Amino acid sequence: MSWFLVLKCLLTVCIISHLSVSSTESYGCIRKTCFGGRCLHNTTRSCEFSKGCFSQLQEFAVPLLLLNRRVEQRGCSEDNCTELAFSATLGIDWMFSYNHQCCYSEQCNNKPINVSPLSLQPNGVECPTCYSELGTCRPVSLKCTGAQTTCVNVTGQGIREDFIKIHAMGCATQTACNLKNVIILNNIKIDTSCVSGSPPLRYSPSLSTDQKTSSATAPTLCLLAAVLPAIMVMESFSEL
């Protein structure tokens, strides 16, 4: 075989290999962001060398305040996609659920996504619970329910608003343990650690009445501050 034919064969193999790699690593992912049922956009984005498509749903609720919000996102994963689903009950009555799913084919993230419903059935575990942006908080005992069988400690900080500094405790699923730099609500980066069983309460120094009020209302204020940029974007989009 002549050198010309050898080089031609090698070139053909290289081209086929390149096309094969491109076809497996480049595909379209649905791109959508929704807050409270209002969606900013719903398009297909080609994700070259994508690490996968993702679908994410976050839901937080404060039943005492009749507050319930859902944040849904879909798009291309910037890094290797890792699936994660967890739920937690923190503070007085603040419930949070998170579900992040991955897939690896054309528009595969167009399927409906949900979070597991929270059970009200006590499971025998009791955890210290509190929520504060003041650095310390006075925990009270919380009877855990359903799959939330571990006691979690959460620290967090705002990404765009660095004045948001969270310390919280409560009940959580096992999957909420030992999280590092997980971003929730697009604006808060959290770390978590867990303690199994029902640990004893360890009270911080007594808080003033104003501090207790701030601690009780902090979940709502902080979350509203976190999602406010998204609301403003939605409003601007609706006016176009």
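Positions of Cβ are set from backbone N, Cα and C atoms, glycine also.
Residues or ranges marked as signal peptide in Swiss-Prot: 1-26.
If you look up Swiss-Prot, you'll see Asn42 (among others) marked as N-linked glycosylation site.
Feature annotation from Swiss-Prot assigns disulfide bond to Cys47-Cys76 (among others); the stated evidence is similarity to another entry. The Cβ neighbour count for Cys47 (disulfide bond), using a 10 Å radius over every protein chain in view, is 19.
Sequence-distant contacts (6 or more apart, same chain, Cβ under 8 Å) of Cys81 (disulfide bond) comprise Lys51, Gly52, Cys53, Phe54, Cys102. If you look up Swiss-Prot, you'll see Cys81-Cys102 (among others) marked as disulfide bond, on the strength of similarity to another entry.
Counting Cβ atoms from all protein chains shown, Cys108 (disulfide bond) has 18 others lying within 10 Å of its own Cβ. Feature annotation from Swiss-Prot assigns disulfide bond to Cys103-Cys108 (among others).
Note on Cys151 (disulfide bond): other Cβ atoms within 10 Å of its Cβ, all shown chains, come to 24. The disulfide bond feature in Swiss-Prot is assigned to Cys127-Cys151 (among others).
Long-range Cβ neighbours of Cys144 (disulfide bond) (same chain, at least 6 residues apart, Cβ-Cβ under 8 Å): Thr89, Pro122, Asn123, Gly124, Val125, Glu126, Cys127, Cys151, Cys171. Summarising the annotation, Swiss-Prot assigns disulfide bond to Cys144-Cys171 (among others) and lists similarity to another entry as the type of evidence.
For Asn153 (N-linked glycosylation site), the number of other Cβ atoms no farther than 10 Å from its own Cβ, over all displayed protein chains, is 18. According to Swiss-Prot, the N-linked glycosylation site annotation covers Asn153 (among others).
In the structure as shown, the Cβ atom of Cys103 (disulfide bond) sits within 10 Å of 18 other Cβ atoms. It is Cys76, among the disulfide-bonded residues Cys76, Cys127, Cys171, whose Cβ has the fewest other Cβ atoms within 10 Å in the structure shown. Across the fold, the C-alpha of Cys76 (disulfide bond) and the C-alpha of Cys103 (disulfide bond) stand 10 Å from each other.
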